[in-house]
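Undergrad: Just passing along the structure, written as structure tokens.
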Amino acid sequence: MSSNSGIQIPSRLPLLCTHDGVLLPGSTMRISVDTARNMQLVKSRLLKGTSLKSTIIGVIPNTRDPEHDSDELPSLHSIGTAGLAVQVVGSNWPKPHYTLLITGLCRFRVTQLLRERPFPVAEVEQLDKLEQYTEGGQADGELGELSQRFYQAAVQLVGMLDMSVPVVAKLRRLLDSLPRETLPDVLASMIRTSNKEKLQVLDAVDLEERFKKALPLLTRQIEGLKLLQKTRKLRPDDDKRVGQHLINGLPCQNGSFQDFFLIYLTLSQRIFCFLTSLLHRLKKMPQSMPEYALTHNYLEMMVELPWSKSTTDCLDIRAARVLLDNDHYAMEKLKRRVLEYLAVRQLKSTLKGPILCFVGPPGVGKTSVGRSIARTLGREFHRIALGGVCDQSDIRGHRRTYVGSMPGRIINGLKTVGVNNPVFLLDEVDKLGKSLQGDPAAALLEVLDPEQNHSFTDHYLNVPFDLSQVLFIATANTTATIPPALLDRMEVLQVPGYTQEEKVEIAHRHLIPHQLEQHGLTPQQLQIPQDTTKDIISKYTREAGVRSLERKIGAICRAVAVKVAEGHKEGKASLYLSDQNTENKDEDSGIASPPEMPIVIDHIALKDILGPPVFEMEVSERLTLPGVAIGLAWTPMGGEIMFVEASRMEGDGQLTLTGQLGDVMKESAHLAISWLRSNAKTYLLANGSADPLEGTDIHLHFPAGAVTKDGPSAGVTIVTCLASLLSGRLVRSDVAMTGEITLRGLVLPVGGIKDKVLAAHRANLKRVIIPKRNEKDLEEIPAHVRADLDFVFASTLDEVLNAAFDGGFPAAVNHPQVVSKL
């Protein structure tokens with residue numbers, strides 16, 4: 001063990017794998033041992049050994065989860081520290097374990113693993129020569145300069161700790177007595193740094209590289225103490241105690257307070273003083289007190305929050321445009337808004353994060369586009385599902401006085417992503433509930449207000465946290481259920497449904513390749529032509545988004561996967577039979593040949609896989625009798641066509657309405673009846689009597705009776721339907737309409753024009769009647785859809801009737817036109 005040439009460690013060492021620290025040469029460390037291999041090493045080597053050699057073991061850092069220690073031995077770190085076991089203490093509570101006090105001697109490299117059971121033993125090569133630490137001359141060149149700078153920084157750190165004079169003098173004497181070559185290892189083990197940084201120092205075999213790795217760590221601690229000393233409102237002993245935390249640490253479970261004093265860099269002085277007082281209370285508490293765990297968890301949460309850590313935005317607008325176009329087809333308004341945000345960030349780096357709300361039917365990509373925005377900006381992404389949330393504590397958290405209290409979803413999300421400027425997606429914000437526990441929508445008012453969220457106060461933290469750099473994106477299917485105060489704080493961007501052409505492009509760019517990959521198929525095995533995709537869209541799905549389309553494509557892939565798997569198996573069976581019994585080959589063996597590749601899905605194969613068409617274009621068949629008209633309706637799922645049917649019978653002039661109608665729609669029906677009765681002679685509807693409804697009852701029905709319907713936009717459709725019934729003329733089978741009516745015969749504008757027009761286009765209708773004042777809304781409709789449709793802009797009901805009937809709807813006499821002044 002000892003000779004004139006210096007101290008040498010054994011060439012074979014048992015290896016102790018540690019999970020919670022890095023032992024450096026020249027430092028002393030307590031290691032808790034409770035895994036099977038390490039326990040066996042202590043029992044066989046340290047407790048039964050009688051020589052000094054048996055107390056030297058190799059300590060190897062292991063980043064693997066200790067729960068998996070009983071599995072196969074993980075790949076060992078190549079460099080470890082030979083240590084001398086100074087003390088071994090055993091305990092059976094809370095479970096059997098040993099606590100070792102080990103002093104690091106030198107580095108070694110594992111050259112060969114000799115065995116793994118019952119504990120690992122390896123052939124090692126000593127890297128540090130112990131005799132070089134006993135005495136040595138001053139190094140020259142760059143190494144000498146690094147050594148001198150490191151020593152001066154160490155002396156500066158000791159002088160800044162503001163401890164008692166005897167303690168500072170003792171530390172100064174320790175620095176002077178140590179060889180300069182040992183300073184990086186000794187100080188890196190004393191300073192509270194992360195295990196990753198200590199591992200970098202351990203891996204630095206070259207002395208010059210070791211100084212370069214350890215010097216920034218020392219400099220960082222000095223800068224932190226300099227900033228700490230700038231505050232003068234702390235009690236005189238606070239600086240002293242925080243300095244002691246550097247060397248002595250805190251009584252915590254996992255060392256999470258190692259850089260606690262550094263959070264002063266981003267905290268206000270009031271908050272920092274509050275946390276420091278809690279820290280002092282924690283040190284004085286026995287660990288058995290219930291309040292100890294509560295305070296410990298609170299301070300741990302405060303340290304882990306990203307008070308100042310943020311990511312750098314990617315402000316390359318061209319790259320962002322390419323990325324958004326690759327991820328999503330169409331959605332031009334959303335993409336333009338993101339690019340505008342990037343452009344303004346280039347001009348003003350302190351821009352607060354916008355608060356956007358994507359409103360549209362399900363399946364159009366609102367959630368996925370939020371993830372793409374985060375990728376485009378180079379930010380972290382976190383999704384918070386708000387559907388069904390009815391407790392305001394989910395947003396604001398619980399107060400610390402309650403048992404089991406925890407922060408709200410906002411603060412927990414920031415802790416999860418680890419930065420203070422992520423992209424937060426508040427999914428389904430229109431489906432928030434309300435209960436006795438409070439209104440979460442009201443709790444979101446502070447979160448989503450740019451003028452207030454710089455000081456958002458979670459009930460658990462009870463201190464303000466800055467959310468102004470967070471980019472909030474909310475999604476909703478409708479704004480009707482969002483409280484007005486919350487809606488006013490968000491920038492609403494409508495995300496309409498896709499046209500058939502857009503769905504075809506999305507299917508062939510994204511959905512089909514994704515489904516092929518999910519089902520283990522290749523384009524050489526399955527091909528879906530565009531005509532087949534159009535059939536799937538028109539005959540098997542009727543939606544604004546593409547979710548059902550993706551499910552149908554998945555069904556096709558599963559059916560083809562069965563054919564491919566059966567053909568592959570049958571091909572092997574056929575080959576086997578031909579080898580075993582060639583002369584007895586029978587034509588009726590039932591062995592089918594593998595299918596030819598690629599399998600192309602045509603309309604016949606589509607019907608075999610998906611069954612008969614679910615949706616048939618029955619528009620023309622349903623308009624074969626007078627008293628039927630087609631309207632356009634908006635739903636949270638997108639636009640839909642809506643039939644209105646009317647019939648009359650002998651009676652006393654009553655109006656019957658069926659189809660689960662709301663009050664507004666019922667009033668529209670009464671308005672239509674009143675207008676037709678007042679203009680019956682003008683449009684030749686009276687049949688010689690003063691009142692066309694004299695001795696007649698009218699029944700208006702809106703099919704799909706299980707669906708609730710309401711709104712004023714069906715007014716023009718009801719008028720047209722009743723005019724057809726009373727005149728005995730058929731409404732054109734290729735026309736649909738929408739618009740609100742007045743008692744004077746005016747047509748007022750309505751909402752949801754784009755979704756309604758797309759619904760008419762999906763139904764292969766050719767003419768669409770919309771209010772004159774909605775003409776401006778056609779700019780949002782794709783050009784190819786506008787080219788396929790004939791738009792009629794009506795400001796009066798006379799124009800509606802003339803456009804809805806072949807040859808117009810002539811009046812008996814010319815009556816003065818009513819011009820809307822609204």
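Cβ atoms are placed via backbone N, Cα and C, with glycine included.
TrEMBL does not curate its annotations; it predicts them automatically.
Grabbed the feature section from TrEMBL, which reads as follows:
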type: ACT_SITE; residues: SER713; note: active site
type: ACT_SITE; residues: LYS756; note: active site
type: BINDING; residues: GLY360, PRO361, PRO362, GLY363, VAL364, GLY365, LYS366, THR367; note: ATP binding site
type: DOMAIN; residues: 13-222; note: domain 'Lon N-terminal'
type: DOMAIN; residues: 623-807; note: domain 'Lon proteolytic'
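What does the local environment look like for each feature on the list?
TA: Neighbour list (SER713 (active site), Cβ cut-off 8 Å, at least 6 residues apart, same chain): GLY631, LEU632, ALA633, TRP634, THR738, GLY739, GLU740, VAL750, GLY751, GLY752.
Counting every protein chain shown, 28 other Cβ atoms lie within 10 Å of the Cβ of LYS756 (active site).
All chains included, 16 other C-beta atoms sit within 10 angstroms of the C-beta of THR367 (ATP binding site). DSSP classifies THR367 (ATP binding site) as helix under the three-state reduction.
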Undergrad: What's the CA to CA span in angstrom from PRO362 (ATP binding site) over to LYS756 (active site)?
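TA: PRO362 (ATP binding site) to LYS756 (active site), Cα-Cα distance: 16 Å.
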Undergrad: Which are the residues of the chain, GLY360, PRO361, PRO362, GLY363, VAL364, GLY365, LYS366, THR367 excluded, whose CB is within 8 A of where the CB atoms of the ATP site average out, their centroid?
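TA: So the extra residues in range turn out to be PHE358, THR475, ASN477, VAL495, ALA544, GLY545.
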Undergrad: For LYS756 (active site), just give me the three-state DSSP call.
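TA: DSSP call for LYS756 (active site): helix.
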Undergrad: Expressed to the nearest Å, what is the distance separating GLY363 (ATP binding site) and LYS756 (active site) at their Cα atoms?
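TA: That comes out at 17 Å between the alpha carbons.
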